[in-house]
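Student: Pulled from TrEMBL, these are the listed features:
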| type | residues | note |
| --- | --- | --- |
| BINDING | 62, 155, 291, 325, 411 | substrate binding site |
| BINDING | 122, 123, 262, 326, 327 | pyridoxal 5'-phosphate binding site |
| MOD_RES | 291 | N6-(pyridoxal phosphate)lysine |
Ligand SMILES: *Cc1c(COP(=O)(O)O)cnc(C)c1O
């Protein structure tokens, strides 16, 4: 008797799962049927179900998990924190983990972003950054600067405010009437759009010219441009040249517009540098972090702001203050998990080890470049992706299922298959991911 079966039935009866057509779980006879997996425990890069089956977590549990499940050092740090302080409100109070984390994050930006504001999820971080930018312009006497800019295919979260700067139809279309103040959507520098003879840097310059055009006419009323630096994750791991960020930074300076870097997915070493924007040698005015920042342990997000921005809120008037808050803002356990995560980066020289690891992932995927139905094989650090040529609307679900049968959790976005594994996968695990991709491709394309 499968122990999984009981949890499956109970979950389907009581839990409304995210980003899921629940019918696809329930209807086992349907060709679209998707198995729901009850996970009993995690161990390193592996997820283990109640029947003892193991799945290699090739996408870091939705891009959150950096050092594997049940990481002993993060576990120990959390146990210790539990013994002293599980939570205290952050208005009027402070505590060691939140102070230390804020200091260390600021130091990681070279001091450019001196203050940290906390929330619990990425969408909230986006909304906080938008509100801070908007409120900054009011505070400095330029309330007409109230419009936001985002890129084609951008994803910054799914709450109603964050949807204003999100350009992914499946998440946005149904709620479009609710979004009161949608941002203007600009051309993306996605290098898959290269025309004959164009390099990725050419595509970046072409997209930046679109930004320049818009700002020339509308800079006066623009508050901020929000971007996912180097990789637009939910768009299907759309990658672009750092040149775009360099040009965007110059244009934002020229037209006095804030540059918001949403590093929720690409921060914390994912693209090879600790922050993705470092590869363009720039700093944003505001930066959002979440997902990997707590090692994939606890809900935590952070908005880091420049001192100029912060200073504009200092006044005797409460109305000029940033009154935003969430109940769990700056939760000590989540901050402690983040500190333990940052410790591991230093102790294990993670960025250097990942250079080697990402080379091996690249070598493992390289033969796919010759596959007749594979296009745009691409990689930036610990993110690798390729697009599959197929008209089958259920390709993604069929690939996902087949990969599970090969012992790997891989969840394509549309026709884009990608790897975003924890920073601990070894040679054998990389080889297993390769076999799972080959096997799943063969089955899903049959
Ligand atoms: C995941 C993600 C978000 C939203 O974070 P949630 O915690 O899911 O709300 C925002 N921006 C980017 C780039 C993301 O990848």
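A Cβ is built for glycine as well, from the same backbone N, Cα and C atoms used for every other residue.
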Student: Going through the binding-site residues 62, 262, 325, 326, 327, 411 in sequence order, which have a CB under 6 Å from an atom of ligand 1?
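Tutor: The qualifying binding-site residues are 262.
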Student: Taking just the CA atoms, what is the gap between residue 327 (pyridoxal 5'-phosphate binding site) and residue 291 (substrate binding site) in Å?
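Tutor: On Cα coordinates alone, these residues lie 19 Å apart.
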Student: Tell me which of the binding-site residues 62, 155, 325, 411 ends up closest to residue 123 (pyridoxal 5'-phosphate binding site) in space, Cα to Cα.
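Tutor: Comparing Cα positions, the closest of these binding-site residues turns out to be 155.
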Student: Quick check on the binding-site residues 291, 326, 411: which one has the highest count of other Cβ atoms within 10 Å of its Cβ?
Tutor: 291
Student: Other Cβ atoms within 10 Å is the metric here; tell me which of the binding-site residues 62, 155 scores highest.
Tutor: 155
Student: Could you measure between residue 291 (substrate binding site) and residue 122 (pyridoxal 5'-phosphate binding site) for me? Cα positions, answer in whole angstrom.
Tutor: 7
Student: What does DSSP call residue 262 (pyridoxal 5'-phosphate binding site) in the simple three-state scheme?
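Tutor: Where residue 262 (pyridoxal 5'-phosphate binding site) sits, the three-state DSSP reduction gives strand.
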